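Presented below is the structure to which this report refers.
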Amino acid sequence: MSLERQAGLPQSLLLLFGSCLPVLGAVLLAPVLPRMQQHFAETPGATVLVPIALTLPALVIALLAPFAGIIADRVGRKALLLWAMLLYSLCGVLPLWLESLPAIVLSRAGIGLAEAAIMTCCTTLMGDYYQGARRERLFALQMVATSLSAALFMAVGGALGESGWRTPFALYVVGLVFLPLMARCLWEPLAQRQPDVEAPLNAGFPWASLMPLYALALLAGLSLFVVPVQAGYLLNLLHIDGPQQIGMTMGANQLGVLAGALGFRLLSGWRRHYLLALAFVLAGGGGALMAGADSHAQVVLAVSLNGLGIGLMLPTLITWIMAQVDVTQRGRAAGGFTAAIFAGEFISPLVVLGISGALGGTLPLALGVVAGLQLLVALSCLGLQRLAGRALAATPAVASSGS
């Protein structure tokens with residue numbers, strides 16, 4: 001961070017906005033998929049390609065975010081972010097005119113490439129611009145913003161989709177609106193020592209201490225998508241199929257995520273490995289309640305508890321990861337975290353489906369297995385003191401405001 005410049009509200013808002021853009025790519029099209037499927041009904045392979053158009057960006061982010069982190073460290077965060085914002089809007093609006101389904105899918109791959117760079121650069125710049133309590137607060141707000149934007153973008157996508165399946169793609173032009181603001185308000189940080197960094201400047205990349213945290217981030221991404229993907233099927237098994245009840249269930253989960261992210265700040269005195277253990281206990285406890293639920297009220301309670309754990313889990317992980325690297329390594333660290341989260345989201349339905357198939361096709365039993373895994377991971381988090389470094393684990397989750 002430059003000694004002459006201090007980040008404030010404009011920088012915070014722009015970085016939080018950029019962090020929400022991958023959510024836009026994930027949920028904007030969900031309401032119009034049936035219409036899109038109907039439009040391309042005569043196209044060979046449409047039953048596979050249309051769902052891929054929705055999920056492909058997440059896979060591309062998982063594969064390419066580490067490379068975006070390398071580029072951010074070597075070339076610079078701001079330049080990469082601005083080019084990615086331009087690519088985001090250009091690839092995003094192409095389906096307004098494309099008539100070929102494979103071409104639309106290819107444009108969605110371009111969206112994923114842009115989102116990998118945007119998410120990595122925004123997270124990295126949060127670590128660059130802010131220190132101590134301000135940084136931890138912004139990481140918590142990042143979780144809050146992405147959760148709120150998911151609900152907002154889903155509603156906007158549905159409203160725009162009323163006039164045609166192509167219309168929601170017009171929303172991607174928002175990247176061009178914010179591009180000049182980012183060019184004016186953001187700057188490239190200087191590679192200097194910051195007082196709250198717990199790694200020596202220019203030391204080798206700390207793979208040994210980060211790999212356990214990346215593994216937990218993968219499981220966090222998997223956990224994040226369990227409720228959005230599986231709750232509807234679980235409610236159907238309980239003979240609950242009303243859109244209002246399903247929407248209430250999803251909303252309860254999002255409220256839990258928000259509460260968990262805000263609770264991260266309230267538990268600032270806790271050591272990080274204790275926070276992670278609590279997060280996985282809450283997520284696993286919620287999953288176990290889901291597996292045994294026999295009423296809508298029990299499912300709502302379960303997904304709320306699960307969301308509470310997820311909301312606490314993600315800011316704790318990124319805070320821990322960022323504290324272990326200096327400014328020259330932050331892009332790679334953020335890229336690895338982004339890749340792990342999105343890889344977990346991508347494999348989440350596959351893992352639940354695989355467990356369900358192996359156990360005879362019972363969804364509640366599969367959810368119980370996932371919950372059991374989360375509870376076991378909670379116990380292993382207590383051992384992160386040795387895996388991720390004794391000095392780091394002994395540090396409170398949020399540094400004092402004076403650090």
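Cβ coordinates come from backbone N, Cα and C, glycine included.
Please treat TrEMBL annotations as automatic predictions, because they have not gone through curation.
The domain 'Major facilitator superfamily (MFS) profile' annotation in TrEMBL covers 11-389. According to TrEMBL, the feature transmembrane segment maps to 12-33, 45-68, 80-98, 104-126, 138-157, 169-187, 207-226, 246-267, 274-293, 299-323, 335-359, 365-384.
Here the transmembrane segment (207-226) has long-range neighbours at 276, 283, 287, 306, 309-310, 313-314, 317, 320-321, 324-325, 333, 336-337, 340-349, 351-352, 367, 370, 373-374, 377, 381, 384, 387-389, 392, meaning same-chain residues at least 6 beyond its ends whose C-beta is under 8 angstroms from one of its own.
Per-residue pLDDT, averaged across the domain 'Major facilitator superfamily (MFS) profile' (11-389), gives 86. Under 8 Å from some Cβ of the transmembrane segment (45-68) lie the Cβ atoms of residues 22, 25-26, 29-30, 33, 36-37, 80, 84, 101-102, 104-105, 108-109, 111-113, 115-117, 119-121, 331-332, 335-336, 338-340, 342-343, 345-346, all in the same chain and six or more residues away from its ends. Cβ atoms under 8 Å from those of the transmembrane segment (274-293) belong to residues 216, 223, 226-227, 230-231, 234, 238, 256, 260, 264, 267, 299, 301-310, 312-313, 316-317, 320, 364-365, 367-368, 370-375, 377-379, 381-382, 384, 397 of the same chain, restricted to positions at least 6 beyond its ends.
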